[in-house]
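Here is what Swiss-Prot says about this protein:
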- 227-243: compositional bias 'Polar residues' (COMPBIAS)
- 36-105: disulfide bond (DISULFID)
- 46-57: disulfide bond (DISULFID)
- 52-104: disulfide bond (DISULFID)
- 65: N-linked glycosylation site (CARBOHYD)
- 263: N-linked glycosylation site (CARBOHYD)
- 277: N-linked glycosylation site (CARBOHYD)
- 291: N-linked glycosylation site (CARBOHYD)
- 138-207: region '12 X 6 AA approximate tandem repeats of V-P-T-T-T-T]' (REGION)
- 216-257: region 'Disordered' (REGION)
- 138-143: repeat '1' (REPEAT)
- 144-149: repeat '2' (REPEAT)
- 150-155: repeat '3' (REPEAT)
- 156-160: repeat '4' (REPEAT)
- 161-165: repeat '5' (REPEAT)
- 166-171: repeat '6' (REPEAT)
- 172-177: repeat '7' (REPEAT)
- 178-183: repeat '8' (REPEAT)
- 184-189: repeat '9' (REPEAT)
- 190-195: repeat '10' (REPEAT)
- 196-201: repeat '11' (REPEAT)
- 202-207: repeat '12' (REPEAT)
- 1-20: signal peptide (SIGNAL)
């Protein structure tokens, strides 16, 4: 036998059996089925993305054990056929243009180099774009002008109305009522005790008037009793009907007023004193209010200063406490280092103190 014939037969046996190739096309979107069927006993198979290899599916996307799918690379890859009837066609759902390419259906049979291989070429094209013409209907508006002339006749009856003169009498009653009654109710409460914190010195000029009657009669003088400057009520002089009187009055102060009637009766009025007391009370109230306001402001300022001082003390304490802790930690670490150095020095000194004493009486 020729050697060439032997070599060719060996190559055919080593190569897997190829059933053929199929071409499948479709548009992107719908599902596409790649056909694959085999005969004989139910056996395992695989689908490979790419051309069929020599021994196994190197880029397998679906594997079966003959009756069930054991591996699926993507959920879009499905075997919808009856595996027990040897229908192992591959269905790809939601296809895209990127799915185009070569697929290999490999069915494994018993024995060496007996696998069946089917090569499927898939071509997916983009979906066709359908252009729908748009028809626009424009309604036509027709305008019809109609002119209608209607004769208009208007009859207005003329009626003469007699003139009537109506006498008009206008009477305007005038009533003027003037009420000139004025009632003034004045209630004056003079406090019996008045505390005036300030001392006011008022110069007093004393004028002594003496009336000499034409006839010598016994004369009686009523002089006011001297009072202290703190007394709010001045000394009063009772009215006298005597023909001679000596009166001491302050001429520079408007607090006193005197009236004299025809019978030489002297009457003293205390309105000026009451007005002075009211003015002094108002001044005292104003001073008290101002002092209270100043006290409130001073209290608020003092409170703020106290709070700021407390805050500064707390911050200073925290700062010094941290500083002391750091100093203690540094001193503690330095003490440990010194202790270790002392221990090392003692050990070295102890080793230096060891010496060897040779015996003077050495034996042969």
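Here the Cβ of each residue, glycine as well, is placed from N, Cα and C on the backbone.
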Where residue 105 (disulfide bond) falls in three-state DSSP terms: strand
10 Å Cα neighbourhood of residue 104 (disulfide bond): matching recorded positions from 46, 57, 65, 291: 46, 57
Helix, strand or coil at residue 46 (disulfide bond) [DSSP, three-state]: strand
Subset of recorded positions (46, 52, 57, 65, 291) lying within 10 A of residue 105 (disulfide bond), CA to CA, in sequence order: 46, 52, 57
Same chain, 6+ residues apart, C-beta under 8 Å of the C-beta of residue 57 (disulfide bond), given in sequence order: 46, 47, 48, 63, 104, 106
DSSP-derived class (H/G/I helix, E/B strand, else coil) of residue 291 (N-linked glycosylation site): helix
Three-state secondary structure, which DSSP defines for residue 36 (disulfide bond): coil
Minimum Cα separation from residue 291 (N-linked glycosylation site), reported as the residue among recorded positions 36, 52, 65 that achieves it: 65
Averaged pLDDT score, the repeat '3' (150-155): 48
